[in-house]
Amino acid sequence: MESHYFLLRCFLLFASAASSLSHPSLLGVHPLDEKYYSSEIIKCKDGSKSFSKDRLNDNFCDCPDGTDEPGTSACSAGKFYCRNLGSKPQFIFSSHVNDLFCDCCDGSDENDGHIRCPNTCVMGGNAEIGNYNSKESQQASFAGKVTKDGVKLEDSVHNLISLRLAIILQVVLVAFLVFLWHFGCRTRSKRKRTIELKEI
């Protein structure tokens, strides 16, 4: 049952990734609003103006309410939708898009290539390891050095320690399973010898 649930989640993850790749201009748009953005002429949600589809996410604010720039930081009043697959979706202010801080746990808010955000979304909830979701905690703990791709060395060390612990636990588990298998083989061979001796 658990493997079916895992496969379903993987399928949803790949399906969502495929749908986001098929609509690259719909970055930062809530899935329920995708139909709103599907026409060639789109009205600003406040009704003030209209704009053509090619001006969607063009990094120029045409609508005062930010309707035309959900995936950029061009409009300060706009909202960016973080899909956060495997975790809790959320809206952030568009001004937080491409600001060199990872606000979405899936890293989708940093899409211009200047920084690579690790995907800290965990199946069933946000990962709070390192507080990637909190801009204030990132700024406060910026005392450590940063690598070329934007990952803090402190976080890398923390991840390596966690990885080492996971490997140690896996080795202990494998050793335990080998012990059980060996013990089972010995017990079976003793029973077999006992049966053979009784037959003689």
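Glycine residues also receive a Cβ, built from the backbone N, Cα and C atoms like all the rest.
As given in TrEMBL:
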- 16-124: domain 'Glucosidase II beta subunit N-terminal' (DOMAIN)
- 1-22: signal peptide (SIGNAL)
- 161-183: transmembrane segment (TRANSMEM)
Confidence summary for the domain 'Glucosidase II beta subunit N-terminal' (16-124), mean pLDDT rounded: 85
Helix, strand and coil counts within the domain 'Glucosidase II beta subunit N-terminal' (16-124) (DSSP): 19 helix, 16 strand, 74 coil
